Amino acid sequence: MDGKPRGSVRADNRLMRVLAGTPVAPPPLWLMRQAGRYLPEYRAVRAEAGSFLDLCFSPAKAAEVTLQPIRRFGFDAAILFSDILVVPHALGRTVRFVEGEGPRLEPIDAAGIEALDEEGIATRLAPVYETVARLRQDLPRETALIGFCGAPFTVATYMVAGKGSPDQAPTRLFAARDPAAFDRLIDRLVTASADYLLRQVAAGADVLMIFDSWAGALGGDDFLRWSAEPIARIVETVRAAAPGVPVIGFPKGAGLGLETFLRRTGVDAVGLDWTVPLEFARDRLQPLAALQGNLDPMVLVVGGATLDRAVDRILETLGSGRLIFNLGHGIVPETPIAHVERLVERVRRGG
Ligand SMILES: Cc1c2[nH]c(c1CCC(=O)O)Cc1[nH]c(c(CCC(=O)O)c1C)Cc1[nH]c(c(CCC(=O)O)c1C)Cc1[nH]c(c(C)c1CCC(=O)O)C2
């Protein structure tokens, strides 16, 4: 890539410092979905990889697309290229990605929940661990490597509905109708996810992130029961077996629930979607944890002075505390690369 030293991450890595509790100015920066279709070099690898899951399970190709945005933009962290739905796949469920439509799974019922194959996390996901190991070898030491999984609730929404759905009605219906079966599904995903994350750490991941993209579909008590509680159990297991590996939680759409989420899970950092008011985040959340976010991905599509103002507002409000600059959700395919360059330059010079 360049002449930089590679191998295990340096203790003075900017992202690791913020996660350990020290504000860093300008803040470390990476973008959710930074490896993806807005990059021509990603589209080239994707086109020759076969299916999306083939790409996730090809260590050489998955490592290559993980490195692409690091080469181009020099982000402070690389995120393993994979998907949250490799876990249901490993548990023996059918998972497909349909071009232009998204994921398709065979919807699960109570019998299917009992039949989940827990061995798959070790065996079927071995190529993912190989990707992690390659990445930690190939990445510059100043770049942290983030491993991840989906939160049990978000993964369960795809397993129950068989696809994405706007307000998770099929899953809320399932959980309300048969809470015992839903509990069982969540339990099995807690065990599988903690195991999956620990194997990523063993292979070389420096930081872990848990994506609860649909946490916002849950009401107050259900949010605690199905989002915060299961994530707390994963964090507890990971902490016990891998002390010192920081965990970022991202309960998207949690709103006022974010403070309870932080207190209950004890994550080192919390991801903020673009709807979270910055003053609330500064006053109520930043004293408890590092914050990651929360630029609206649509503002990055628009660019120009609109982008500059939004970047400056985040830096002004959150920049003197523990902050990891990021988007409020994944970068979208129509984002111009020049706007990402502009963002990086502005964050690096401190707004
Ligand atoms: C809900 C969820 C999924 N996957 C993920 C989430 C949680 C984060 C979020 O809310 O976005 C997480 C994810 N998915 C992907 C990554 C890779 C690392 C990175 O962020 O760069 C990560 C961290 C690759 C991907 N995962 C997917 C793509 C696009 C597919 C392609 O390139 O053909 C990528 C780059 C496919 C995917 N995967 C998923 C959906 C709904 C889709 C279809 C939507 C789409 O097409 O953008 C499930």
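The backbone N, Cα and C atoms fix where each Cβ goes, glycine too.
Annotation source TrEMBL lists domain 'Uroporphyrinogen decarboxylase (URO-D)' at 28-37 (among others). Here the domain 'Uroporphyrinogen decarboxylase (URO-D)' (28-37) has Cβ contacts under 8 Å with residues 14-15, 18, 43, 46, 65-66, 68-69, 73, 75-79, 81, 146, 271, 324-327, 329-331, 333, 340, 344, 347-348 of the same chain, all six or more residues outside its ends.
The substrate binding site feature in TrEMBL is assigned to ARG33, GLN34, ALA35, GLY36, ARG37, ASP83, TYR158, SER213, HIS329. For TYR158 (substrate binding site), applying a Cβ distance below 8 Å and a minimum sequence separation of six or more within one chain yields LEU85, PRO88, PRO103, LEU105, GLY164.
Per TrEMBL, site 'Transition state stabilizer' is recorded for ASP83. Around ASP83 (site 'Transition state stabilizer'), taking its Cβ as the centre, 18 other Cβ atoms fall within 10 Å, counting all chains.
Here the domain 'Uroporphyrinogen decarboxylase (URO-D)' (146-162) is broken down by DSSP into helix, strand and coil counts: 10 helix, 5 strand, 2 coil. Annotated domain 'Uroporphyrinogen decarboxylase (URO-D)' per TrEMBL: 146-162 (among others), in sequence order.
Of the binding-site residues ARG33, ARG37, ARG33 has the largest number of other Cβ atoms within 10 Å of its own Cβ. Spatially close to HIS329 (substrate binding site) yet at least six residues away along the chain are MET32, SER213, LYS252, ASP273, TRP274, PRO297, judged by Cβ distances under 8 angstroms. DSSP places the residues of the domain 'Uroporphyrinogen decarboxylase (URO-D)' (28-37) in helix, strand and coil in these numbers: 0 helix, 1 strand, 9 coil.
Non-local contacts of ALA35 (substrate binding site) by the CB criterion (under 8 A, 6+ apart in sequence, same chain) comprise TYR42, VAL65, THR66, GLN68, PRO69, ILE79, PHE81.
Proximity of the recorded positions (ARG33, ALA35, ASP83, TYR158) to ligand 1: a Cβ under 6 Å from the molecule is found for ARG33, ALA35, ASP83.
A gap of 14 Å separates the Cα atoms of ARG37 (substrate binding site) and ASP83 (site 'Transition state stabilizer').
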